[in-house]
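TrEMBL annotations:
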ACT_SITE  Glu209  active site, proton donor
BINDING   His17, His19, His206, Asp312  Zn(2+) binding site
BINDING   His19, Asp21, Gly179  substrate binding site
DOMAIN    12-366  domain 'Adenosine deaminase'
SITE      His230  site 'Important for catalytic activity'
Amino acid sequence: MTTVRPEILALPKVLLHDHLDGGLRPATVAELAEQTGYDDLPTSDPVELARWFRESADSGSLVRYLETFTQTVGVMQTEEALRRVASECAQDLAADGVVYAEVRYAPEQHLEQGLSLEQVVEAVNAGLREGERLAAEAGHRIRVVALLTAMRHAAKSTEIAELAVRYRDEGVGGFDIAGAEAGFPPTRHLDAFEYLRRENAHFTIHAGEAFGLPSIWEAIQWCGADRLGHGVRIIDDMQEVRGGPLSEVPAPGTLEPGDVQLGRLAAYVRDRRIPLEMAPSSNIQTGAASSIQAHPITLLKRLRFRVTVNTDNRLMSDTSMSKEMQLLVDEAGWGVDDLRWVTINAMKSAFLPFDERLALIDDVIKPGYDRAG
Ligand SMILES: O=c1[nH]cnc2c1ncn2[C@@H]1O[C@H](CO)[C@@H](O)[C@H]1O
Ligand SMILES: [Zn+2]
């Protein structure tokens, strides 16, 4: 059990990778199931439900981890449910000190009871706006932008990319692909990515989580991703100077920068400042990393890759931005300066216009960290 210290809770945070359908309050899952007639939940007790999600997601396999989303997606099939989940998401993030968040979800997964893609996007947007307003009334200012995800095993990516462009001035910041990685390379969706580039739109790709370097390479060099979802496996393209591949070093997080040599792809990712959206607890659950102490994020930070800290799925990992930060402090030797650095990294990497990113850095993030001393 991680105990979050008040100093960490008070820090301003920026969250780029958080799934709307991975962040429901357990009590809301139970209530929505009741209201919408969903009867497949393993239990309706919120405490048991919270444990069920965490334990089921703890499988060490991305595919089994993803099975738990059947339950959350199952209760998010009406406008009212989507609006409520989005509103609570914005409020929960704000209460955790998050000042800017990009929250993603796959509109194509919310059509089971007859909603259109547009109704899904508009219901989520209405909920996010309501959540921002309620958070501000409670004394926490937050800005939340939606990212639209297409599922990599499906064939809707061009349609979803068009949806993201259509709503880009109404609360949608960009596009993503997610789902099981092995067998579904990002190049399957090349048409969608080429369309987005022609439209000057932004996108991130889940890559290098369950699957290795080829998926990272495709995401960047074929698809042109602005950012990588996770990208943990980039360490497979790094060598220990005197030894073998870093992926075989038990605790790469403890190596010094001088001990490490980068391959061409890793060097490219660092040279081009490609943001890595890492989520330590989630990466342990899916088997992409073995522990917080051994997580490559600490070495990558020392090597000055553009790393960011994220929650991925707060419900499945029983986590929050504050908990992820506290874990890195307690188990990987991070200090407040490191947290400040990754927070500014994240804000620089946001799918928001440059002047707005700068304003949040100068007016909110830096003063917040200065106050923390
Ligand atoms: O870590 C992850 N890797 C890949 N896919 C994911 C991860 N977390 C969630 N999703 C998938 O994204 C969908 C839309 O939000 C979720 O329904 C889940 O299937
Ligand atoms: Zn994710």
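Keep in mind that glycine also has a Cβ here, set from the backbone N, Cα and C atoms.
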Between His206 (Zn(2+) binding site) and His230 (site 'Important for catalytic activity'), the C-alpha gap once rounded to whole angstrom: 6
Distance-selected binding-site residues near ligand 1 (C-beta under 6 Å), from His17, Asp21, Gly179, Asp312: Asp21, Gly179, Asp312
Using Cα positions only, nearest of the recorded positions to Asp21 (substrate binding site) (Glu209, His230, Asp312): Asp312
Local Cβ density at His19 (Zn(2+) binding site) - other Cβ atoms counted within 10 Å: 26
Residues among the recorded positions Glu209, His230, Asp312 that border ligand 2 - Cβ under 6 angstroms, in sequence order: Asp312
Recorded substrate site residues His19, Asp21, Gly179, farthest C-alpha pair in Å: 13
Cβ-centroid neighbours of Zn(2+) site His17, His19, His206, Asp312, 8 Å, sequence order: Asp18, Gly22, Arg104, Asp176, Ala178, Gly229, His230, Glu277, Ala279, Ser282, Asn310, Asn313
His230 (site 'Important for catalytic activity') versus Asp312 (Zn(2+) binding site) - Cα distance in angstrom: 9
Residues flanking the substrate site, with Cβ no more than 8 Å from the Cβ centroid of His19, Asp21, Gly179 and excluding those residues themselves: Leu20, Gly22, Leu66, Phe69, Val73, Arg104, Tyr105, Ala106, Gln109, Thr149, Ala178, Asn313
